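K.L.:
Before we start, here is the structure in question, set down as structure tokens.
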Amino acid sequence: MRTAHTVDTVRRAEAELMARLPEGTLMQRAAAGLTAACAELLRSGSGSGGGRVYGSRVVVLAGSGDNGGDALYAGARLARRGAGVTAVLLAADRAHPGGLAALRAAGGRVADDPFDALDTADLVLDGITGIGGHGGLRPDAVPIARAARGSRAVVVAVDLPSGIEADSGEVPGEALRADLTVVFGTEKPGLLAGPAREYAGTVRLVDIGLGGILPSVPALEALQHLDVAQLLPEPGAASDKYRRGVVGIVAGSARYPGAAVLAVAGALRGGAGAVRYVGHATDAVIARFPEALVHAGPPGKAGRVQSWIVGPGLGDDLDAVAEVLAAPVPVLVDADGLRRLAAEPALLRDRAAPTLLTPHAGEAAALLDTTREEVEAAQLAAVRELATRYGATTLLKGATTLVADPDPRTPVRSNTMGTPWLATAGSGDVLAGLAGSLLAGGLSARDAGSAAAYLHGLAARRAAADGVPVTSYEVADALGRAWRDVRETGGS
Ligand SMILES: NC(=O)C1=CN([C@@H]2O[C@H](COP(=O)(O)OP(=O)(O)OC[C@H]3O[C@@H](n4cnc5c(N)ncnc54)[C@H](O)[C@@H]3O)[C@@H](O)[C@H]2O)[C@@H](O)CC1
Ligand SMILES: Nc1ncnc2c1ncn2[C@@H]1O[C@H](COP(=O)(O)OP(=O)(O)O)[C@@H](O)[C@H]1O
Ligand SMILES: [K+]
């Protein structure tokens, strides 16, 4: 599991640890980890260097805080290993004194012209701001950040990409996009929530000894293969198709029969014992999936299910939404079902069984009575607000998918396994089917949503592995491979 803690929590844990250690220890641990990561990058030939630390050209962008200190100390270590290191001081009179002295002592120097230095750099260390940064890059840092990004150098963010908000994941102005972020002690929420997450590149955690001090419940977390493997249901000797769970799907319409087919395709790969389709697309569903049970009447007459999915491609025939929400089983509401809910939130009022809402940013905006742009700019705040306001577990789709429970103390789950190839019509229908199927298998709404988002992203990566566009149907088809991947690596 990847975990992220808030800035306050990190500062408290660091203070406690620092009180027990000689001064400067933590910063040296951070700088040592950072140096190792940079050396590895340089040796791998990333950037434009010759695959060595010795002789490579490193530029340190140092702000006025401890983030700059980390970067300067790492610069000093790289200089001692033979790199040519130049510091660009964003606030020359307030640069970290110890870090700057160490850099000079190691043979590093301060740049006369930042743009000249960046022009020939192999690697840029971004130490402008870390957890203390607010309000985006200041105007004087903007041209330097742009020149760094525009250069041939590989950009390594120190703790966080400068310009992002550590706790909210918001990016209020410009920020410096990194190829690699070397984060200290624990991840910060902004590394797991969009839009900030998209600035981080690959994230590498350096242990500075906070492990036993940080609270065990993080603010955010992200499943990895092993976690997903442990969540996935597995039939045993006593299983039959009903005990494995039956998932009911109310989706599709004469106008959008494909949504029904895709939701069923996702559900068939989610481990439920049977998939019961209800709606106007029975012919299309049965033509593709003879194993589906189909019913053309209202959901209440379709037979028992352990979970419902309602909404994909329903169009304007939305009476079934209220009917399904009245059922005492877990319900996943997607697409047109969410439109119905935005118009009548009271439909959720009397529900005791779990509810999982799966909006994309546009649907989330309608549910929150705001704009898509506002949701996209503050995804973490939006998913939390949806979950508390509607009293329902909410999965907010996007490049980063977030899943929040109504109880604000429960860590928000982040899924970064997606790929932009998933931005294709119908992929959300596959996700809904998969997550609903996992609900029928007995997973909580939060586990079902986050495990589904993970498998869905992994399947899309597999299907698009050779760089060709994938269709939503192919994503569904690759779910079996994704399932196998997590089982094999995660062991079960
Ligand atoms: N606290 C600790 O024990 C440790 C902290 N470490 C490092 O220290 C960092 C935190 O250091 P600080 O608390 O000094 O904070 P930062 O270095 O993140 O930034 C604070 C400084 O940046 C300025 N600033 C804020 N927003 C800005 C903006 N938008 N543009 C330009 N300047 C801006 C502030 O005026 C302040 O001087 C961490 O991110 C991490 O890199 C590590 O050395 C590990 C140990
Ligand atoms: N840029 C992106 N990177 C990763 N995943 C994405 C991106 N854009 C969209 N997705 C994913 O693709 C799916 C799209 O779902 P949705 O918006 O409901 O589409 P549709 O309604 O066509 O089915 C979601 O799982 C979402 O998280
Ligand atoms: K930084």
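Using N, Cα and C of the backbone, Cβ positions are placed for all residues, glycine too.
Keep in mind it's a predicted model, so treat the numbers as computed, not measured.
The following feature annotations were taken from TrEMBL:
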{"type": "DOMAIN", "residues": "10-216", "note": "domain 'YjeF N-terminal'"}
{"type": "BINDING", "residues": "66-70, 130-136, Asp159, Ala259, Gly313, His360, Asp429", "note": "(6S)-NADPHX binding site"}
{"type": "BINDING", "residues": "Asn67, Asp126, Ser162", "note": "K(+) binding site"}
{"type": "DOMAIN", "residues": "224-486", "note": "domain 'YjeF C-terminal'"}
{"type": "BINDING", "residues": "Lys397, Gly398, Ala399, Thr400, Thr401, Gly428", "note": "AMP binding site"}
K.L.:
When you average the Cβ positions of Asn67, Asp126, Ser162 for the K(+) site, which other residues in that chain have a Cβ within 8 Å of that mean position?
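P.N.:
Near the K(+) site, beyond Asn67, Asp126, Ser162, sit Leu61, Gly63, Gly68, Ala71, Gly127, Ile128, Thr129, Gly130, Gly133, Ala157, Val158, Asp159, Leu160, Pro161, Leu176.
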K.L.:
Select the most exposed residue of Asp126, Asp159, where exposure means the fewest other Cβ atoms within 10 Å, treating these as the binding-site residues.
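P.N.:
Among the binding-site residues Asp126, Asp159, the lowest count of other Cβ atoms within 10 Å belongs to Asp159.
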K.L.:
Check the binding-site residues Asp66, Ser162, Thr400, Thr401 for any whose Cβ is under 6 angstroms from an atom of ligand 1, and report them in sequence order.
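P.N.:
Close enough to ligand 1 are Asp66.
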K.L.:
For the recorded AMP site formed by Lys397, Gly398, Ala399, Thr400, Thr401, Gly428, name the remaining residues of the chain with Cβ within 8 Å of the site's Cβ center, in chain order.
P.N.:
Gly194, His360, Leu396, Leu402, Asn415, Gly418, Leu422, Ala453
K.L.:
Going by a 10 angstroms cut-off between Cβ atoms, which of the binding-site residues Thr400, Thr401 has the sparsest surroundings?
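P.N.:
The binding-site residues Thr400, Thr401 were compared, and Thr400 has the fewest Cβ atoms within 10 Å.
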K.L.:
Counting every protein chain present, what is the number of Cβ atoms, excluding its own, within 10 Å of the Cβ of Gly398 (AMP binding site)?
P.N.:
24
K.L.:
I need the CA-to-CA distance for Gly428 (AMP binding site) versus Ile131 ((6S)-NADPHX binding site), whole Å please.
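P.N.:
Gly428 (AMP binding site) to Ile131 ((6S)-NADPHX binding site), Cα-Cα distance: 34 Å.
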K.L.:
Restricting to the binding-site residues Ser162, Lys397, Gly398, which ones have a CA within 10 Å of the CA of His360 ((6S)-NADPHX binding site)?
P.N.:
Lys397, Gly398
K.L.:
Give the subset of the binding-site residues Asp66, Asn67, Gly69, Asp126, His134, Asp159 lying near ligand 2, defined as CB under 6 A from any of its atoms.
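P.N.:
Once distances to ligand 2 are taken from each Cβ, none falls under 6 Å.
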K.L.:
Determine the minimum-neighbour residue: among Ile131, Ala399, listed as binding-site residues, which Cβ has the fewest other Cβ atoms within 10 angstroms?
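P.N.:
Sparsest of the binding-site residues Ile131, Ala399 by Cβ contacts within 10 Å: Ala399.
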